[in-house]
Amino acid sequence: MDRLKCPNFFKCRQKEKVTASSENFHVGENDENQERGNWSKKSDYLLSMVGYAVGLGNVWRFPYLTYTNGGGAFLIPYAIMLALAGLPLFFLECSLGQFASLGPVSVWRILPLFQGVGITMVLISVFVAIYYNVIIAYSLYYLFASFQSVLPWANCSSWADENCSRTPIVTGCNVSIGAGEMFMNISWVNTNNLTCLNGSEVFRPGQLPSEQYWDKVTLQRSSGMDETGVVVWYLALCLLLAWLIVGAALFKGIKSSGKVVYFTALFPYVVLLILLIRGATLEGASKGISYYIGAQSNFTKLREAEVWKDAATQIFYSLSVAWGGLVALSSYNKFNNNCYSDAIIVCLTNCLTSVFAGFAIFSILGHMAHISGKEVSQVVKSGFDLAFIAYPEALAQLPAGPFWSILFFFMLLTLGLDSQFASIETITTTFQDLFPKAMKRMRVPITLGCCLILFLLGLLCVTQAGIYWVHLIDHFCAGWGILIAAILEIAGIIWIYGGNRFIEDIEMMIGAKRWIFWLWWRACWFVITPILLSAILVWSLVKFHRPDYADIPYPDWGVALGWCMIIFCIIWIPIMAIIKIVQAEGNILQRIISCCRPASNWGPYLEKHRGERYRDMAEPAKETDHEIPTISGSTKPE
């Protein structure tokens, strides 16, 4: 690195003529695509994809699923579902975005009838971005709270009530009264200075200090969704800080976020390794790992359909397919990038990270069970309960607890941030494709404006009822909508556009392959993956249960609102299909057929990559084509 030179990230202002390239932060001098820009290095792309795929679910959901579904035996259906559902869809989306150099909405020039699928993906990313940054705000709050000599949730402090206890609480017992015995409640026994007879005590479970801290201090949780309460000001400030970090990382688009992910994507692995080494040295660690993936593995669980459904669902959501982000990030690749090897690398990294994280989590939970005299099954949790109750409780009981807490919550922060970067990049990429000239001039204000709007929408999630809203959005928007989009995506591209034609498109990028190479991909794309996704969707609908949080059921209007959110996301699929059909020419059948053909400006973005197959395609970057053009019998390539 040259000395005394401004880094590219903060490029020095010089008196020079402003060019289109200098106006567009996405574009560098050496980029192949001077309109949209490319990743500066392939490692920028790979780390961004790893950061997007590897998120909070790898740490707080996968280990719990493995434990509850047979331990090590769960890895068998997990690996099978990766091969049958996760990897095929992941490879398809990466190839799609890279081939056309377009984001999740404009890429549907491939099949204009299905443009609404892309809109659905972007809307789901918007909803998820709202609540995902709230989780990052929780992590920031706990990170700041950890900078104390004693962790605030280490003991039952002034905020706790009489239920706060690490040991079971005595509710009553038998006492000697005269010549006989009577069962009395413990408050009466204590008031009268009596002593319980040995073995007669009746216990009820207490609430851990970390649990009450989470409910009473962090969330100031209300009694239900009906009681919104006030905005929790310190969570609102943490949410603002989270959005400022996201905005700062994305102000130059992929050129800046591609550098930030070198830290946010790699640092979690350092922390997981440190936590694993520390956990492995603690008493009881081997017991925790045994429950996770060792001698306690139960292979008879493989006979249960629920285990296979959990494996497929975890793979599907963990890889972030059908959110639009994979298409958006891949659209900035150079045309001849080997997206096949990239898909393999990212998918395997994601799955191995999940397994690795489980060892770090369960080694320390095993120690927590050991010192509290409980079984591992009594301390293991999932989701928020693992991240903000069980694991903080375990860390509070370690020597130098604040240090380990700082490491853990900083890891959660970085895990969440790089996933959030990709979600926002999905939104800005959509604007980039629809309004390229405006984005060249106003990328920074548009990006910051997007962050500001999402921050304001997220304030509802940091009220005293905020956690209920977070769960509601997650339960509805991050579920069925994604499954529906994924099924239509693979059906539209493989069954309508044509799987063999799509394979020819891929070979234009990565080179021709022998027929046996595509045998597996054809089997998955044409048959196996759509069937699996459909089965998961049907299963999820059949097994639908009224959402609740902490055993508090959601009100009728809350459930109805959840359905309205998911309908709002997917309604654009039929709406855009109808619009395209109305705009087309001919009778109804001719209109539908014409809308199922690729648009005249579908194909490789740059002319030098089009070859004979796409030599007559219209120019994709023309301003008049910033939306998918109407398909009609009279449409001719320009």
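Using the three backbone atoms N, Cα and C, a Cβ is placed for every residue, glycine included.
The model shown is predicted, which means the values in this text are computed figures rather than measured ones.
Swiss-Prot annotations:
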- 618-628: compositional bias 'Basic and acidic residues' (COMPBIAS)
- N155: N-linked glycosylation site (CARBOHYD)
- N163: N-linked glycosylation site (CARBOHYD)
- N174: N-linked glycosylation site (CARBOHYD)
- N185: N-linked glycosylation site (CARBOHYD)
- N193: N-linked glycosylation site (CARBOHYD)
- N198: N-linked glycosylation site (CARBOHYD)
- N298: N-linked glycosylation site (CARBOHYD)
- 618-638: region 'Disordered' (REGION)
- 1-44: topological domain 'Cytoplasmic' (TOPO_DOM)
- 131-230: topological domain 'Extracellular' (TOPO_DOM)
- 580-638: topological domain 'Cytoplasmic' (TOPO_DOM)
- 45-65: transmembrane segment (TRANSMEM)
- 72-92: transmembrane segment (TRANSMEM)
- 110-130: transmembrane segment (TRANSMEM)
- 231-251: transmembrane segment (TRANSMEM)
- 257-277: transmembrane segment (TRANSMEM)
- 311-331: transmembrane segment (TRANSMEM)
- 344-364: transmembrane segment (TRANSMEM)
- 395-415: transmembrane segment (TRANSMEM)
- 453-473: transmembrane segment (TRANSMEM)
- 476-496: transmembrane segment (TRANSMEM)
- 524-544: transmembrane segment (TRANSMEM)
- 559-579: transmembrane segment (TRANSMEM)
Listed glycosylation sites N174, N185, N298; those within 10 A of N198 (N-linked glycosylation site), CA to CA, turn out to be N174
Determine the Cβ neighbour count for N298 (N-linked glycosylation site): the number of other Cβ atoms within 10 Å of its Cβ.
13
Taking the transmembrane segment (344-364) as the first stretch and the transmembrane segment (453-473) as the second, find out whether 3 or more Cβ pairs fall under 8 Å, excluding pairs closer than 6 in sequence.
no
Interface-richest range of 45-65, 72-92, 311-331, 453-473, 559-579 toward the transmembrane segment (524-544), CB pairs under 8 Å
72-92
Residues of the same chain, at least six outside the transmembrane segment (453-473), with any C-beta under 8 angstroms of its C-beta?
126-131, 133-135, 137, 219-222, 224-232, 235-236, 239-240, 243, 384, 424, 547, 549, 552, 554, 558, 561-562, 565
Can we call the transmembrane segment (395-415) and the transmembrane segment (110-130) in contact, meaning three or more C-beta pairs below 8 angstroms at a sequence separation of 6+?
no
Do at least three C-beta pairs under 8 angstroms join the transmembrane segment (45-65) to the transmembrane segment (559-579), pairs 6 or more apart in sequence?
no
Per the 3+ Cβ pairs under 8 Å rule, pairs at least 6 apart in sequence, do the transmembrane segment (559-579) and the transmembrane segment (110-130) touch?
yes
Given the transmembrane segment (257-277), which of the listed stretches 72-92, 110-130, 231-251, 311-331, 476-496 has the most Cβ pairs that are under 8 Å apart from it?
231-251
Which glycosylation sites (N155, N163, N174, N185, N193) fall within 10 Å of N298 (N-linked glycosylation site) by Cα distance?
none
Separation of alpha carbons, N185 (N-linked glycosylation site) and N193 (N-linked glycosylation site) (Å):
13
One should report the C-alpha separation between N163 (N-linked glycosylation site) and N155 (N-linked glycosylation site), rounded to whole angstrom, as 13
Between N155 (N-linked glycosylation site) and N174 (N-linked glycosylation site), the C-alpha gap once rounded to whole angstrom
30
Length of the line joining the Cα atoms of N185 (N-linked glycosylation site) and N174 (N-linked glycosylation site), in Å
9
